[in-house]
Amino acid sequence: MALTRLLLPISILWFCFYSSHTILQKDPLLICVNGDPGFDQRAYPTYFGPILDEFSSIMGFEPSILSLERFNPVGGPETSPDTDISVDDFGARGDGTDDTKAFEKAWKDACSSGSVLIVPENKNYLLKQITFSGPCKSDLRVKIRGTIEASSDQSDWVGHNRKRWIEFEDISNLTLEGGGTSNGNGETWWDSSCKRKKSLPCKSAPTALTFRSCKNLIVSDLSIKDSQKMHLSFDKCQDVIASNLMVTAPEHSPNTDGIHITGTQRIHVMNSVIGTGDDCISIESGSKMVIATNITCGPGHGISIGSLGDRNSEAHVSGVLVDGGNLFDTTNGLRIKTWQGGSGSAKNIKFQNIVMHNVTNPIIIDQYYCDSKDPCPEQESAVKVSNVAYMNIRGTSASEVAVKFDCSKSSPCQGYIVGNINLVGNGGKETTMSCSNIVQGLLREGLSTFLFMKRRVHECSY
């Protein structure tokens, strides 16, 4: 049963990529052409051919690439012994006193022995900044059943890494689960943020849970709330499943991204509810083969790729699929954001089967993103955005412009499919689509294809 339960997410992960690729190959506008007899995909073979080839190169890989090593019965790593240890066995009290040392001792034992590490239920464990490092002896399972809390006193962070609260690094074959809660007690950090009080200097604040350079990782069935800054970060990880997560913070808590993905390859975020003061999911440079399915988002800033290219940096993101979800009262829906002056690419991206509920900017590409106190200067270079598809997206927009593509003049967007988009204003008001600086064609020739509210759109300019 345990093996079956663990294999299920892998099967779902492969199915999502395979089914998306198969449908796109057969007819990328299959849903939206119903009721639009004037549109015939076959009339645009030079357009669809290259974009399908590009998507195939990302989505057409073998299933074995997505298999976590721990599930490979031949030559796989040693399995963990059936032994449980509790942090209480190492002196943790769970009564609000500092349990950091006890957790460090418990981790050292579990990492060296392969035992299952338990954080007992019905207790509140106070932790200061802590890093759980590998490599470990074998597969490792951590079950958080109780509550882990951060100190709300910022003086406790003196001499520690202010950018991270709980960090897991250089670990392979780790499962973190259990139904418990991580509470960052972030209120004091939010109150001292320059985003909330413009007169204050901007200082770093901790991310609640960071996974850095981890491989074959499962994070599931956890509640993560009120982080000091970002809630959950995957940094330079490979082969990750994040499922059944509840991530929450108040709407006006600054920089509290729900799930942050950077430099990470082959990750599937699924069946999760995220509502924070910033992006529900943010995908940044170095990330490839990212899937997000069945996501409930709101409040927050939506699901974002970026920001990319800040401080004239080079950034690359490719192979992103967002499939299925609901966004409630977010400031943005599906967003790609890049800074002027950057370089690199964001490509082979597909958003589909999303429902918007009173979302201010349901679909937006902003290549003039500027999150700065001072105006950002005009710059020539830009991150190249190409091969992007938006399919079967409906619901209500809080603004008249429901779809906005504000692409770079110097590096225009290239290769777009927008189909079966049905976004109306509150009360059924009609919405519009705005786009600028999109190349009329994909890579070589042909027409970019836009179907908005079941109508062909021709007014995109370049």
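Along the chain as shown, the residues are counted starting at 1.
Cβ coordinates come from backbone N, Cα and C, glycine included.
Summarising the annotation, Swiss-Prot assigns signal peptide to 1-22. Positions annotated as N-linked glycosylation site by Swiss-Prot: ASN173, ASN294, ASN358. Feature annotation from Swiss-Prot assigns active site, proton donor to ASP278; the stated evidence is similarity to another entry. Here Swiss-Prot flags CYS280-CYS297, CYS407-CYS413, CYS435-CYS460 as disulfide bond, drawing on similarity to another entry. What Swiss-Prot lists as active site is HIS301.
Structure coloured by features recorded in Swiss-Prot.
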residue	record	DSSP (3 states)
ASN173	N-linked glycosylation site	strand
ASP278	active site, proton donor	coil
ASN294	N-linked glycosylation site	strand
HIS301	active site	coil
ASN358	N-linked glycosylation site	strand
CYS407	disulfide bond	coil
CYS413	disulfide bond	strand
CYS435	disulfide bond	strand
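Closest by Cα distance to ASN294 (N-linked glycosylation site), from the recorded positions ASP278, CYS280, HIS301, ASN358, CYS407, is CYS280.
Taking a C-beta cut-off of under 8 Å and a sequence gap of six or more, the residue listed as 'active site, proton donor' has these contacts in its own chain: MET230, SER253, PRO254, ASN255, THR256, ASP257, GLY258, GLY300, HIS301. Put simply, of the recorded positions ASN173, CYS280, CYS297, CYS407, the one whose Cα is nearest the Cα of ASN358 (N-linked glycosylation site) is CYS297.
Here CYS297 (disulfide bond) comes close to GLY258, ILE274, GLY275, CYS280, ILE281, ILE303, GLY325, ASN326, LEU327, PHE328, THR330: these same-chain residues lie at least six apart in sequence, with C-beta atoms under 8 angstroms from its C-beta. Here CYS407 (disulfide bond) comes close to ILE365, GLN367, VAL385, CYS413, CYS435, SER436, ASN437, ILE438: these same-chain residues lie at least six apart in sequence, with C-beta atoms under 8 angstroms from its C-beta.
Neighbour counts were taken as the number of other C-beta atoms within 10 angstroms of each residue's C-beta; across the disulfide-bonded residues CYS413, CYS435, the minimum falls on CYS435.
Of all the glycosylation sites listed here (ASN173, ASN358), it is ASN358 whose C-beta has the fewest other C-beta atoms within 10 angstroms. In this structure, ASN294 is the one among the recorded positions ASN294, HIS301 with the smallest number of other Cβ atoms inside 10 Å of its Cβ.
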